[in-house]
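Taken from Swiss-Prot, the feature S-adenosyl-L-methionine binding site covers Trp17, Met47, Phe66, Gly67, Met68, Ala69, Ile70, Ala71, Glu87, Cys88, Asn89, Trp114, Glu115, Asp132, and the record attributes it to sequence analysis. The guanidinoacetate binding site feature in Swiss-Prot is assigned to Met39, Glu43, Asp132, Leu168, Thr169. Residues annotated as domain 'RMT2' in Swiss-Prot, with sequence analysis given as evidence: 1-233.
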Amino acid sequence: MSSDKIFAEGESCKSAWHDATAGYDETDTHLEIMGKPVMERWETPYMHSLATVAASKGGRVLEIGFGMAIAATKLEEYNIEEHWIIECNDGVFKRLQEWATKQPHKIVPLKGLWEEVVPTLPDGHFDGILYDTYPLSEETWHTHQFNFIKSHAYRLLKPGGVLTYCNLTSWGELLKTKYNDIEKMFKETQTPQLVDAGFKSENISTTVMDLVPPEDCRYYSFKKMITPTITKV
């Protein structure tokens with residue numbers, strides 16, 4: 001039913017997202033913005049998997065989307081040198097600034113939509129990238145990660161650098177409506193776009209973990225999660 005979908009046809013939150021209230025619930029297990037389920041604490045093992053990939057080369061890591069600091073906090077446990085984080089929502093960015101003061105590595109908080117910030121970042125600057133932002137429109141629901149990857153991910157990475165990412169809001173819908181095999185979903189809907197962006201298919205790998213979402217999760221109901229590792233050679 002269309003009423004179950006996260007986005008209505010033609011809906012866009014982009015212009016209002018910056019100022020919208022960041023609704024962290026009392027138990028700090030859910031983050032909701034403009035009525036959208038942005039992140040939930042049950043994702044933790046998966047977020048840690050993404051963070052592990054992004055930190056695997058050490059050095060300077062770029063994280064796009066701060067959310068509940070689940071991946072960010074895990075990244076800080078690794079032997080990295082700098083941790084750059086892009087976040088556009090005011091309330092989430094405030095939490096990022098507070099969190100940054102308590103971390104062991106140099107944090108570079110960058111305020112704004114990634115579309116505004118990323119073009120200002122230099123080529124070959126990062127050893128690892130973790131892209132996990134929320135789709136801000138029905139139009140880009142399934143494709144916003146490719147806009148970043150095709151325009152910027154390859155150029156931002158150093159040779160040997162690694163990219164990982166997710167779009168759970170998209171993948172959850174695809175696994176509900178079109179696919180029952182998560183690896184097939186990734187291979188058919190993601191890999192061709194990564195190759196178009198300049199990455200070689202032999203340098204794209206995935207790992208799958210079992211993780212059962214709570215029954216009330218609106219954006220993901222599949223009982224497996226997939227972590228991509230995409231290396232620039």
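All residue numbers here begin at 1 and follow the chain in the order shown.
Using N, Cα and C of the backbone, Cβ positions are placed for all residues, glycine too.
Recorded features from Swiss-Prot, shown on the structure.
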{"residue": "Trp17", "record": "S-adenosyl-L-methionine binding site", "DSSP class": "helix"}
{"residue": "Met39", "record": "guanidinoacetate binding site", "DSSP class": "strand"}
{"residue": "Phe66", "record": "S-adenosyl-L-methionine binding site", "DSSP class": "coil"}
{"residue": "Asn89", "record": "S-adenosyl-L-methionine binding site", "DSSP class": "coil"}
{"residue": "Glu115", "record": "S-adenosyl-L-methionine binding site", "DSSP class": "helix"}
{"residue": "Asp132", "record": "guanidinoacetate binding site", "DSSP class": "coil"}
{"residue": "Thr169", "record": "guanidinoacetate binding site", "DSSP class": "helix"}
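It is Met39 that, of the binding-site residues Met39, Met68, Ile70, has its Cβ surrounded by the most other Cβ atoms within 10 Å. Working note on the binding-site residues Asn89, Thr169: by count of other C-beta atoms within 10 Å of each C-beta, Asn89 ranks first.
Spatially, by CA atoms, the binding-site residues Trp17, Phe66, Glu87 include one closest to Met39 (guanidinoacetate binding site), and that is Phe66. Proximity of Glu87 (S-adenosyl-L-methionine binding site) to non-local residues of its own chain (separation of 6 or more, Cβ distance below 8 Å) is seen for Gly65, Phe66, Phe93, Leu96, Pro109, Leu110, Lys111, given in sequence order. Cα spacing between Thr169 (guanidinoacetate binding site) and Glu115 (S-adenosyl-L-methionine binding site): 19 Å, rounded to the nearest whole number.
When every Cα pair among Met39, Glu43, Asp132, Leu168, Thr169 is compared, the largest distance found for this guanidinoacetate site is 12 Å.
Most other Cβ atoms within 10 A: among the binding-site residues Trp17, Phe66, that distinction falls to Phe66. The Cβ of Glu115 (S-adenosyl-L-methionine binding site) has 16 neighbouring Cβ atoms from other residues within 10 Å, across all protein chains displayed. Sequence-distant contacts of Leu168 (guanidinoacetate binding site), defined by Cβ-Cβ distance under 8 angstroms and a gap of at least six in the same chain, are Glu43, Tyr219, Tyr220.
When other Cβ atoms within 10 Å of the Cβ of Glu43 (guanidinoacetate binding site) are tallied across all protein chains shown, the result is 23. Between the CA atoms of Trp17 (S-adenosyl-L-methionine binding site) and Asp132 (guanidinoacetate binding site) there is a gap of 16 Å. Same-chain residues at least 6 positions away in sequence with a Cβ under 8 Å from that of Asp132 (guanidinoacetate binding site) are, in sequence order, Met47, Leu50, Glu63, Ile64, Gly65, Gly67, Ala71, Tyr165, Cys166. When every Cα pair among Trp17, Met47, Phe66, Gly67, Met68, Ala69, Ile70, Ala71, Glu87, Cys88, Asn89, Trp114, Glu115, Asp132 is compared, the largest distance found for this S-adenosyl-L-methionine site is 23 Å.
Within 8 Å of the Cβ centroid of the guanidinoacetate site, not counting the listed residues Met39, Glu43, Asp132, Leu168, Thr169, the chain contributes Val38, Glu40, Met47, Gly67, Tyr134, Cys166, Asn167, Tyr219, Tyr220.
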